[in-house]
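J.: Before we start, here is the structure in question, set down as structure tokens.
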Amino acid sequence: MCGIWALFGSDECLSVQCAGAMKIAHRGPDAFRFENVNGFTNCCFGFHRLAIVDKLYGMQPLRVKKFPYLWLCYNGEIYNHHTLQQQFGFDCQTKMDGEILLHLYDRFGIKKMASLLDGVFAFILLDTANRKVHLGRDTYGIRPLFKFVTDNGFLAVCSEAKGLIDITHSMTTAANIVPFLPGHIEVFDLKLNGKVESVQLEQFHCCTQEPAHAAYDTVERLPTGVDKETVKSNIRHLFENAVKKRLMAHRRIGCLLSGGLDSSLVAAMLVKLAQEEKLLYPIQTFSIGSDDSPDILAARKVAAHIGSEHHEVNFTAEEDIQAVEEVIFHLETYDITTVRASVGMYLVSKYIRSKTDSVVIFSGEGSDELTQGYIYFHKAPSARAAAEDSVRLLKELYMFDVLRADRTTAAHGLELRVPFLDHRFTAYYLSLPEEMRTPKDGVEKHLLRDSFKGLNLIPDEILWRRKEAFSDGVMSTKKSWYTCLQEHLESMVNDDQMEKAHKTFPHNPPTSKEAYYFRQVFERQYPGRGQWLSHYWMPRWIDASDPSARTLSIYQPDKEQ
């Protein structure tokens, strides 16, 4: 996890503009560098570092003797950098995983370079010899990247949008800050005055495609049959590999554990592999909730089963409510379910940073989208419709769950790792017959659950535990977190404001006092930026006015809750 920031063709003094880079300092608490580009006086890089791999040579922009004309600023982890180095015979100067980008770019060009990376990344690669600026972002946008380009060719890039909002320029028309699209690369011509012109914007990978780097994977080719036992074996094999490759770190590894299926599978596999790899410390797991919440109780059972060093973070609804404003600042969104779910994750990340030495944090994001885990999938009109919606959700992750997971952990200088969004694992799962991936016997994610049946990796009651949204499970079933929040906000937004909501906020008008309050807070911090959220996350195929699973007619809590 790091924070990257760069300007090309700045219209104003760089010493003034660089204040914007300090707005993402939380992403890299270990070191900071601000560097001008030689020969381009109005171009510069800013970098905040969280040291995970190669503590000695990890500062950026990265430059090596073999390619003195290349400047790289990137945020991410490249899990196959050793494999690629050996495969292509690259002579690397450092132990940094990111150096592989320079060698791949020199050998293959920018598009193939990006397609060969097995990992998560957002990068800015400057080639002064050929006068090109390249941007790129991983398939699911797990690492964030934002940009704006003015009409006269001033390009500004940053890990978070907040680092760009105060950048000044000479144009009278406003420059729109937009997220860089996941799975894409963009190439700009760099002019002598530092201004740029976009010459190529292209997708290098889509979630439904087998990734190009699979050809060089250390995992052997999988059996191709679609009989159930073969499929379940492949799912287990790829999931284990996804967790194992993410053990790459020089800092302590921990895991978020809600007690749901996804985080429990990740935590259990992580503990198993950590023991096999002989890590010198026990894996710490972290759960958050009120004393009687389903998540706290379920996580406690899982931790005891897998033998992790477990931490419980208890909180009150009042503490959650007090955190909402700072959470929205870090999120840069007002989406209802994203804000709700982020508060608990933000508070548990704060605890991890202040009370433990775990820095690399595993989590279960991406599974619900991939394996049709949301309970509204029970109402899908067909297997084809469910499969298509699964892909839609994966493509939108960067606006919702992945955004939440990144910002709430990065706010406290932690690095998140999400094995369910491994390229090979997701491509394989999406290649399976549509009927095989739908809910079965009234249980969502049936195929995933069945794949780990009988292994005793996690307790059976957890393996078959029903879906519970993170923002719901942290409180008791008698009173959800969202209900506490709505009651508190009832007096903070009046009926007159609600009546005028469509006029006050014509884009994504709020339909509840809770949503209105979130939008108010967002507009105070990011005035006029409501377009950053294209739409609210909501369930499909069912009459829903709220994103919480507990409000849906088909919701059924587990009996022990």
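Glycine residues also receive a Cβ, built from the backbone N, Cα and C atoms like all the rest.
Straight out of TrEMBL:
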type: ACT_SITE; residues: Cys2; note: active site, for GATase activity
type: BINDING; residues: Asp97; note: L-glutamine binding site
type: BINDING; residues: Leu256, Ile288, Ser363, Gly364; note: ATP binding site
type: DOMAIN; residues: 2-191; note: domain 'Glutamine amidotransferase type-2'
type: SITE; residues: Glu365; note: site 'Important for beta-aspartyl-AMP intermediate formation'
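Would you situate these features in the structure and describe their surroundings?
T.: Neighbour count (other Cβ atoms within 10 Å of the Cβ, all protein chains): 26 for Asp97 (L-glutamine binding site).
Of all the Cβ atoms in the protein chains shown, 28 others lie within 10 Å of the Cβ of Ile288 (ATP binding site).
In the structure as shown, the Cβ atom of Glu365 (site 'Important for beta-aspartyl-AMP intermediate formation') sits within 10 Å of 28 other Cβ atoms.
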J.: Limited to the domain 'Glutamine amidotransferase type-2' (2-191), I'd like the whole-number average of pLDDT.
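T.: Averaging the confidence scores along the domain 'Glutamine amidotransferase type-2' (2-191) gives 92.
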